[in-house]
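Heads up, here are the entries from TrEMBL:
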- 61-83: transmembrane segment (TRANSMEM)
- 89-111: transmembrane segment (TRANSMEM)
- 123-144: transmembrane segment (TRANSMEM)
- 150-170: transmembrane segment (TRANSMEM)
- 182-205: transmembrane segment (TRANSMEM)
- 225-249: transmembrane segment (TRANSMEM)
- 261-280: transmembrane segment (TRANSMEM)
- 306-324: transmembrane segment (TRANSMEM)
- 388-440: domain 'FHA' (DOMAIN)
Amino acid sequence: MNTVFFGKASDLSADFSWKDIFSDVFKPHSKDERNRLLTKGIGNNVPSPDQMLKQWQKPWLFFWVGIIGLALSILALFSWNIFAGTGMGVLLFILPAFVMPLTALIFFWEMDISGTISIFETLLMMLLGGILSLTVTGIMRNLLTLPDVAYLMGPLPEELSKLIIVWVLLSRSKYRYGLQGILIGGAVGVGFSAIESAGYAWSAFDQSFASQGLAAATQDLTQSLLARGVLSIGGHVVWAALYGGALGLMKKGGKLQFQSLLDPLVIMTWTGAFLLHTLWNLDAGAFVGIFPDSVVIFLYRLESMYIKYAVLILLAWMLLLFVMRKGIRQMAAVSRLYGSGAAAAQPAVQARQSALPQRPDLAPVLTVKASGNVNHGRSYLLVPGKSLVFGRDPARANVTVPPDTRGISAVHCEIKVKDGVPVLIDRNSSYGTFFSNGQKLEPNVPYKIKGRVRFYLADPKNYFEIDVNPPKGH
């Protein structure tokens with residue numbers, strides 16, 4: 001099991017990076033590991049929530065898919081130059097267009113810790129999502145009246161269309177998590193990107209062949225595939241994965257609600273994807289007459305050297321890591337909830353907690369025990385300088401409840417020490433925080449607690465018991 005990685009994922013004060021995720025790429029993998037990975041999500045190879053961490057492997061297959069795909073693309077190009085034929089031409093139009101997006105998609109599939117989506121289901125969603133999103137894009141372009149400029153004609157209808165298809169595919173009740181949303185969004189983006197790139201490659205070849213012959217057409221085809229194929233690693237596949245992941249994090253009880261579209265994370269990721277897409281399409285020529293000629297020439301150089309695209313790809317993946325962190329922490333919370341994964345999910349946290357009593361200045365102020373239906377039997381320690389935040393969102397709460405628990409907000413309430421006294425604070429929860437006598441806490445008002453106190457979140461079934469430790473010397 002990936003105990004160190006999930007220790008970081010479970011500890012909100014810790015951080016993890018791409019290095020933590022990619023650390024197993026070059027490690028040897030046994031035949032059993034390869035077989036389990038390739039049959040993930042099929043038959044009995046679908047882990048229960050308490051087995052997700054035990055069966056999950058850090059991603060590594062995507063790297064070899066990319067290497068082999070690039071090698072086959074180069075072989076196809078050489079073969080085309082030696083004996084140009086219709087069959088090899090079709091292969092050359094299709095294969096390079098799929099390699100880089102498909103590599104990213106395999107990575108997203110490997111990152112789906114839930115293990116409930118098979119590779120066959122993923123590829124089906126890629127084809128279906130790509131065709132449907134392109135179809136909806138065509139319909140939107142006929143319905144929307146937009147200025148005839150590439151940086152508006154493309155991003156708005158395309159990102160709206162992909163959002164609609166991602167929503168439709170993600171609406172199935174079996175999809176419940178943010179990492180699944182990233183995978184489904186990525187599948188739609190890959191299908192869209194690969195089909196579009198193959199179309200552009202064919203168009204470039206056809207136009208050059210008619211006017212300049214086979215040699216020039218082959219050169220234009222190669223340039224088109226290199227530009228669109230390689231750069232696609234930071235295009236549609238990532239843009240759609242961004243808001244797919246955000247929507248996946250918003251699912252409640254396996255259902256998507258329309259108000260989720262107004263969630264700040266969904267708005268931020270879709271807007272980010274739209275802006276990245278717009279800047280991608282924005283040609284330096286659009287600034288002629290607006291900026292000095294020297295600035296326009298500089299922008300042209302950035303484009304010709306692919307620096308602009310490299311920066312946009314980097315920004316897209318940084319934003320995706322932000323969303324992916326939330327998805328990973330959501331899965332760590334699910335693992336903690338179902339018990340047997342708890343010890344593996346947060347060894348670093350547990351190690352620190354076990355060491356706390358050895359330092360008098362960090363002796364626990366109080367203990368909270370979950371005595372109701374939610375997190376039953378678990379105990380949480382509050383130490384000086386820290387707080388216990390209750391809620392559904394593992395990115396903001398360190399006492400997390402199941403994502404589909406009714407009535408409990410993403411951030412519900414907090415226990416901390418204020419002016420030397422432990423206090424309980426409701427954090428603008430939707431359905432309230434209550435003491436055992438039914439008294440409802442006013443939002444953001446600290447209530448002093450001492451001795452043994454019982455409270456609940458939204459419903460009396462979701463109750464917790466606080467046991468305040470007496471101050472030293474008492």
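Just so you know, glycine gets a Cβ as well, placed from its N, Cα and C.
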Considering only Cβ pairs within less than 8 angstroms, which of the stretches 61-83, 89-111, 123-144, 150-170, 225-249 has the most against the transmembrane segment (182-205)?
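Per the Cβ under 8 Å count, 225-249.
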With pairs fewer than 6 apart in sequence excluded, do the transmembrane segment (123-144) and the transmembrane segment (261-280) have three or more C-beta pairs that lie under 8 Å?
no
Where else in the chain does the transmembrane segment (61-83) make close Cβ contacts, counting only residues six or more beyond its ends and a cut-off under 8 Å?
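Counting only partners 6 or more residues beyond its ends, the transmembrane segment (61-83) has Cβ contacts under 8 Å with 25, 37, 89, 91-92, 95-96, 98-100, 102-104, 106-107, 110, 218, 222, 225, 229.
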Per DSSP, what is the helix/strand/coil residue tally across the domain 'FHA' (388-440)?
0 helix, 22 strand, 31 coil
Under a criterion of three or more Cβ pairs within a distance under 8 Å and sequence separation of at least 6, are the transmembrane segment (89-111) and the transmembrane segment (225-249) in contact?
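Output yes: the transmembrane segment (89-111) sits against the transmembrane segment (225-249).
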Based on Cβ pairs under 8 Å, which of the stretches 123-144, 150-170, 225-249 lies most in contact with the transmembrane segment (306-324)?
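The stretch with the most contacts is 225-249.
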Give, as a single whole number between 0 and 100, the mean pLDDT over the domain 'FHA' (388-440).
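In the predicted model, the domain 'FHA' (388-440) has a mean pLDDT of 91.
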